[in-house]
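Feature annotation from TrEMBL assigns transmembrane segment to 15-34, 112-132, 138-156, 168-188, 208-227, 234-255, 295-313, 320-339, 351-372, 377-395.
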């Protein structure tokens, strides 16, 4: 049997037109995410994407891109939320794709660049399927068919939910797994520069997108290595080691921060839940049918993929068949485990099943191609499939009849602030100043576009408590108001004296109430006066102004000149009798003070005993008055 591949695009270049057509189909579907008219103008305007956590990724992507341009790192200290917190790869690692595209755009805050980047990254999905199919040994025509399948998979319910929630890192990491697994088999069968380059680039992209997903691939790689390595020469082993290095080395600069700041996560409440029994994880046929049916035509695709795996094995591509089968089975097993384990997020199976579907789409496409090739219909049916996804992408009507037939989700993302939100932003700019923070009510239930508040510092040039992400999962998120509670305790049970201490400690000058409980309690607070009454989604919103001294300096005295992600500047700094100046600012490892004779260059800290904050606040020890003082976060 001749092992040299002769059925690729170099030998059948006309199929490249099919690849272009598949990419065009994907472009049509993607444009539909940003507006009903499928117009590129919807990508290029300044309306931000508000679905899911897209606003958070845009905000953090802006901070990270600016920090990378300034000092070659994306971890920053942000004083504009939560009284100061460290934006690290642990909190909002999903913003890394946004950091990349905004850095490439060379601008600061840019919703247009974010949308263009999102469009470009999602355009890679069908191209990744074409590439994966070639790695598995599929001929060019079958690879185009796999690309068409990728277009459909990218619009399935679970994948659309990932896009809607802003989990682009999971999506890209899963796509990298599909490509990597298929080309790993090709590397073993046809060891060469092309397979090494694909593996190296895919590994680097996979680690960058989501290291946890990529760590999950390691068992598959180990099993593959143990099975294949004894038959390979030294250059092959060194090449595979080079792939590992090519994946980790370009990402080492941020992976070190990822490991370093892992402890910033809030511990899980309560006792650890026990692992479910193997009988519960194994489940029954109905459980697997439910998993498969979460993607369109899941059961038929699974049957076709089983046939395709057999055909791949018989055609000499045993490595591809084995790797795809093992990886897909592992994804399904993890989906079953996560469905039964209480500590896993309820949507975890929806993140894993698209990965299994993507892997199985490759052998399923080969099965269709191989069977139709016997009747000389493979090329014709592939062209029909490409035409079908083109119609789906560009010709589907307002009611999406073709999407309904294909069982895919083509609902657009939420783009642009509403009129009520614009009025709220204007009121904040009109009735508040930068001399104190705004306590933001995070509400009692998620609403469409709930995370738009992550953009408030950019839109208003103010600092906030709350509004960033109610489920941030890091300690600095303690000082927030949500669901009628302040720092986790019911507002109604808090006496005025406790609110006084809280507002003093965090320098709260205004409160935005968005729930009845918050509005009722702050209406009774003696120092609160209504500054504006507005609405959001038809619900009342009240802006309260607090009649109290406003200062970010808790003890001693100083003029607060400003706070950015690069520095906090104070002037005319005078310590109290004990020689200290306490600031309403969270302490973070890496904060340095200049001139360096203050605290020997590193600020002290003071416990937030009055409010129970688990994060310490900054305390400066001074030998005497200082005309100017600067805090810089150096992350070292």
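Along the chain as shown, residues are numbered 1 onward.
Just so it is clear, glycine is given a Cβ too, placed from its N, Cα and C backbone atoms.
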- Message: Using Cβ atoms and a strict cutoff of less than 8 Å, what residues sit near the transmembrane segment (168-188) while being 6 or more residues removed from its termini?
- Response: 57, 93-94, 96-97, 118, 121-122, 124-125, 128-129, 131-137, 159, 162, 195-196, 198-199, 202-203, 205-206, 209-210, 213-214, 217, 220-221, 224, 228, 232, 236, 239-240, 317, 319-320, 322-324, 327, 351, 354-355, 358-359, 362
- Does the transmembrane segment (295-313) reach the transmembrane segment (112-132), going by 3 or more CB pairs under 8 Å (6 or more apart in sequence)? no
- Item | Chain residues in Cβ proximity to the transmembrane segment (320-339) (below 8 Å; excluding those fewer than six residues from its ends, i.e. six or more beyond) | 135-137, 177, 181-182, 184-186, 189, 216-217, 219-220, 223-224, 227, 276, 281-283, 287-288, 291, 305, 309-310, 312-313, 345, 348-349, 352-353, 355-356, 359-360, 362-363
- Message: Give the nonlocal contacts of the transmembrane segment (112-132) in its own chain as ranges (CB under 8 Å, at least six residues past its ends).
- Response: 19, 22-23, 25-27, 30-31, 34, 42-46, 48-49, 54, 57-58, 61, 97-98, 100-102, 104-105, 143-144, 146-151, 153-154, 163, 168, 171-172, 175-176, 178-179, 181-183, 198, 358, 361-362, 415
- Item | Outside the transmembrane segment (15-34), six or more residues from its ends: residues with CB under 8 Å to it | 9, 40, 42-43, 49, 115, 119, 122-123, 125-127, 130, 140-141, 143-144, 147-148, 150-151, 154-155, 163, 382-383, 386, 389-390, 392-394, 396, 410, 412-413, 415
